[in-house]
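According to TrEMBL, the transmembrane segment annotation covers 20-40, 83-100, 112-130, 142-160. Under the heading domain 'Peptidase S54 rhomboid', TrEMBL lists 69-216. Positions annotated as region 'Disordered' by TrEMBL: 253-281. Per TrEMBL, compositional bias 'Low complexity' is recorded for 261-275. Marked as domain 'DUF6576' by TrEMBL: 278-312.
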């Protein structure tokens, strides 16, 4: 189903249905761009200017500052500080994102990443403005990183298929539900530490991941607004195609007119098309089966339906 990682990454923007690699590529491009700018400005003696510049793309805890830079609720989730910061985020995005992509498809993976980032930002702002512990730092606190969106995908995958097993170095096989639980507990334990803002964002993203999948099983997709915005921008940047109309004609009918080519065929084929379409109810049933018994318990037909649905 997939070529090598690097081939997919290089062709991320040339292939449709490749959102996992697009997300990774965007994060890498943004990180490399800001890294180059930071190095050049620091060497040139403009380190303070760079710090001020990047702060306009980071997520502030202060509501007053958020009103001035509202775009940061989106931009912060594509920014990273150092190499290991982006490395671990992208590794987790890749490992768990493959599961979301396989079971739910390309668009829902993006939906979950964006919703997780938004939920993490809102939870971070909410706690910083309500908890007395953060009252002295709320005006100076800034946050960046894809962790909230990644946590949403990690917990979402664990909610969707909890018994899927990862093989961890020095540990061995571990079900992903235990990996997700471990990292949620770790983030909660560190939520009053030096990286409190980031840990709170993790918790917000994790909550969104759990709620998104549980609501999806009920037939409610919270990601529809995100998907509509994404489709709008996709269409906006698509190269316009020349509007050339091609008409087809067939032999004259008895009435002496020309019928449109393929009209009778489309009518006759519509029942078979309708019968082959996979409904949301079928997908919900398949997802419930995965959660209970795992992916291997699916029949060939169920796997086919899930694969076809994931390409929509």
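A Cβ is built for glycine as well, from the same backbone N, Cα and C atoms used for every other residue.
Secondary structure of the domain 'Peptidase S54 rhomboid' (69-216) per DSSP, as helix, strand and coil residue counts: 106 helix, 10 strand, 32 coil.
Against the transmembrane segment (83-100), stretch 142-160 has more CB pairs under 8 A than any other of 20-40, 112-130, 142-160.
Mean pLDDT for the domain 'Peptidase S54 rhomboid' (69-216) in the predicted structure: 96.
Residues 8-9, 11-13, 50, 53-54, 78-80, 86, 89-90, 93-94, 97-98, 101, 106, 109-110, 113, 146 of the same chain sit 6 or more residues outside the transmembrane segment (20-40) yet have a Cβ under 8 Å from a Cβ within it.
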